[in-house]
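Per TrEMBL, the features are as follows:
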- A:17-56: DNA-binding region (DNA_BIND)
- A:81-181: domain 'CoA-binding' (DOMAIN)
- A:Gly91, A:Ala92, A:Gly93, A:Asn94, A:Leu95, A:Gly96: NAD(+) binding site (BINDING)
2 protein chains.
Amino acid sequence: MPKNNEVSMSVIRRLPRYYRFLGELLRTGVERVSSRELSNLMGLTASQIRQDLNCFGGFGQQGYGYNVPHLHEEISKILGLQSQQKTILIGAGNLGRAIISYSSFKGKGFELIGVFDRDPNLIGTKIANQTIIDVKEMGEFCKQNSPTVAILCVPKTSAHAIVEKLVELGIQGFWNFSHYDIMMDYPNVVAENVHLSDSLMTLSYKVTNHTKQ
Amino acid sequence: MPKNNEVSMSVIRRLPRYYRFLGELLRTGVERVSSRELSNLMGLTASQIRQDLNCFGGFGQQGYGYNVPHLHEEISKILGLQSQQKTILIGAGNLGRAIISYSSFKGKGFELIGVFDRDPNLIGTKIANQTIIDVKEMGEFCKQNSPTVAILCVPKTSAHAIVEKLVELGIQGFWNFSHYDIMMDYPNVVAENVHLSDSLMTLSYKVTNHTKQ
């Protein structure tokens, strides 16, 4: 049983990376891996890897290393990837459409069940097997289908009102691409923010300070 | 002059957020703001804000607070937003196209000067005023135009070879949407990674552990 009550977010954020690297080993038929080998692959120290995995009760054996299929499976369980949280996406503009086409939700803990927009030109059209639904029907849809997660691809100006409604409708988790700070107003939901423009500005800092050196 | 030689990345990563909030204050005509007011807006403690900004030499005055236009301008300088790094994007699939349409590069330190793909169906078509160029012409283009930054929207399998070429061609910074770990192989370039599927798996962890509580 994972003892993950007090695991820091920086450890959690490394887990998807472990999961990806173990998945690659698995696909090439590797059955066991030492923390040293994993360390060479991933660019982390072996001691960091042992420490990270020990947060969840360890999984390695002295002199054997880690069993790849077992560790892959255990990390998948810790991350909850085998669950299928019913998920809706709001805002089928350029970014929303890319998210739908680009992301594979199955196997990552989510099932996309509805896509909403307010643009009459988009409503009724299809993206990756999803027919875009009028956002006015979102309330009724949620009552019937009980989604728990929403992907927010709307501008900051519309985000607050939509989040208020979605929280009322039972949404507990947000993949948030808007600049609206959900958890300041709703501390009881969870949100994972992807702020592309912040990331771009951080790159600007890195490049500027790199070239100054 | 900012004394930012040893500023930690966690402080740097908060700067774009300060910049955004100050920009909003600026647009509503606010001239000065105390660390307490900023703290209420941003959900950080006032002491955290003072500490962050002190890393760059402070900017506040006891009893006055911060001058909004001045602080906004100074953070813009620290982030290098007024520079225009010549930037190319490789991989004009769904994600690449969304990045082009969605991101405004000007005012964030970048100028997008070329978009490349290898798909004959895409080459020659236009996205947001950019005509997609055959990736075979990338070398010649870089020699003529000397871009310094590349946005990488290609699968991990093609990423290594493309990065090798781009580094040879003088690219110093990457906005990296691929899962290829650039800085492990090229420690002298800078990279800012956006790993959407890792973010999705992190949300899965948060939602799973939230609902368990």
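Backbone N, Cα and C define each Cβ position, glycine as well.
Known features from TrEMBL, placed on the structure.
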residue: A:Gly91; record: NAD(+) binding site; contacts (Cβ under 8 Å, 6+ apart): A:Phe116, A:Asp117, A:Leu152, A:Cys153, A:Val154
residue: A:Ala92; record: NAD(+) binding site; contacts (Cβ under 8 Å, 6+ apart): A:Ile100, A:Val115, A:Phe116, A:Asp117, A:Asp119, A:Leu122, A:Ile127, A:Ile132, A:Cys153
residue: A:Gly93; record: NAD(+) binding site; contacts (Cβ under 8 Å, 6+ apart): A:Asp117, A:Asp119, A:Cys153
residue: A:Asn94; record: NAD(+) binding site; contacts (Cβ under 8 Å, 6+ apart): none
residue: A:Leu95; record: NAD(+) binding site; contacts (Cβ under 8 Å, 6+ apart): A:Cys153, A:Phe177, A:Leu196
residue: A:Gly96; record: NAD(+) binding site; contacts (Cβ under 8 Å, 6+ apart): A:Leu89, A:Ile90, A:Val115, A:Asp117, A:Ile151, A:Cys153
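Taken as a whole, the DNA-binding region (A:17-56) shows an average pLDDT of 92 in this prediction. Away from its own ends, the DNA-binding region (A:17-56) comes close to residues 2-4, 7, 11, 64-69, 71-72, 74-76, 78-79, 81 of its chain (Cβ-Cβ under 8 Å, at least six residues beyond either end). Residue counts for the DNA-binding region (A:17-56) under DSSP (helix as H, G, I; strand as E, B; rest coil) come to 28 helix, 2 strand, 10 coil. DSSP gives A:Gly91 (NAD(+) binding site) a coil state; it is part of no helix or strand.
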